[in-house]
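According to Swiss-Prot, the region 'HPPK' annotation covers 1-166. Annotation source Swiss-Prot lists domain 'Pterin-binding' at 180-441. The annotation region 'DHPS' is assigned in Swiss-Prot to 182-450. The Mg(2+) binding site annotation in Swiss-Prot covers 187, and the record cites similarity to another entry as its basis. If you look up Swiss-Prot, you'll see 227, 267, 287, 358, 395, 429, 430, 431 marked as (7,8-dihydropterin-6-yl)methyl diphosphate binding site, on the strength of similarity to another entry.
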């Protein structure tokens, strides 16, 4: 009978959407047969380069460590890893150069196991030269012993090694939760409740998008049509596009040569806006607040975009049009989600990743119903088997916790974010990116199942 062996992997990315590459690597590793996979927090660190390396290689890395179990031998595992790296656009021709994903086998088998083959060396030969790796390994397996015959560190636990080679403040540029990505909100409108008119001017909106990316958002959601309960007139396609186009043009110029960048999402229920946007900027997401019309779904399929389906009882939301009081809102949203996903699967969308479910906090839900929906994330993920996004930032349901203005609900937003993260939510759509990112990273320090 084939046995399951412990494995510890190091993952890194310093090109493109680094958080997304790491997420995709984890999905690929699970498909390769690694079970019980658990990730450390993600640490952003400076690139380690050889002397004389090109200046353009000096790009910060996202690094993390994962532990799990595999039935593959070390050589088989390395072979599988190389195939994953190739599928994720890894360029192996430049040693020490930038890469979309890098996966190394750090440890394998029981504590006494070591090997030195053409494919791999275990323990990893540069393990003790990387304090950030030791710190993350100590968070996942602190009492596992490091074994290397002849080494002065043979027989020491990773908890002790992390103390011998401590990670200092200057070593860490930032930290991120491994399982929850942040979508930053940019409202290019004059009637948004939270930031009325602040980013209506294109240059300010583009600068805000760049700031949110710098603060840790892996997705930027641009919306040029407000859909909050105060809106009475949803305007026209031309008005929406007049606001959105110059922002996309500025970002297209700003990010055209960027080596690291976020995905860009367009928050609209109008397919025509998406058709125009894709001509100006390589957007990756459609955020359809209407819940995903068939026309929008076909557009997502044809363009290879991700489709975020936001449930709403009406547009704009009306206080007299809400979910039933006779049944759990979670049950009602599951029924709607299953119906939508079945329809999208029939037209050819891959609902395991391409469709993202959003129960629509505040869109046709009372404050109590909205809070109940936030408690249902684990059930949504388990039953719908698709990614889940929650957009709770500064929403009126948080007034159940105190009388604060919408701009002053970030504390409550972050508190809910931690609870959502602990249920395994995939994406959080928020206004205040840095605070959410930092708190979620702290919540994930001891590791998260992936």
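Placement of Cβ uses the backbone N, Cα and C atoms for every residue, glycine included.
Projection of Swiss-Prot feature records onto the structure.
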{"residue": "187", "record": "Mg(2+) binding site", "DSSP (3 states)": "strand"}
{"residue": "227", "record": "(7,8-dihydropterin-6-yl)methyl diphosphate binding site", "DSSP (3 states)": "coil"}
{"residue": "267", "record": "(7,8-dihydropterin-6-yl)methyl diphosphate binding site", "DSSP (3 states)": "strand"}
{"residue": "287", "record": "(7,8-dihydropterin-6-yl)methyl diphosphate binding site", "DSSP (3 states)": "strand"}
{"residue": "358", "record": "(7,8-dihydropterin-6-yl)methyl diphosphate binding site", "DSSP (3 states)": "strand"}
{"residue": "395", "record": "(7,8-dihydropterin-6-yl)methyl diphosphate binding site", "DSSP (3 states)": "coil"}
{"residue": "429", "record": "(7,8-dihydropterin-6-yl)methyl diphosphate binding site", "DSSP (3 states)": "strand"}
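For residue 431 ((7,8-dihydropterin-6-yl)methyl diphosphate binding site), other Cβ atoms within 10 Å of its Cβ number 21.
In this structure the alpha carbons, written CA, of residue 430 ((7,8-dihydropterin-6-yl)methyl diphosphate binding site) and residue 187 (Mg(2+) binding site) are 11 Å apart. Around residue 358 ((7,8-dihydropterin-6-yl)methyl diphosphate binding site), the same-chain residues six or more apart in sequence whose CB sits under 8 Å from its CB are 308, 309, 310, 311, 388, 389, 390, 391, 429, listed in sequence order. If you compare every pair of Cα atoms in 227, 267, 287, 358, 395, 429, 430, 431, the residues listed for (7,8-dihydropterin-6-yl)methyl diphosphate, the longest distance is 18 angstrom. Spacing of residue 267 ((7,8-dihydropterin-6-yl)methyl diphosphate binding site) relative to residue 187 (Mg(2+) binding site) is 9 Å (Cα to Cα, whole number).
Taking Cα separation as the measure, the residue listed as 'Mg(2+) binding site' is nearest to 431 of the binding-site residues 287, 395, 431.
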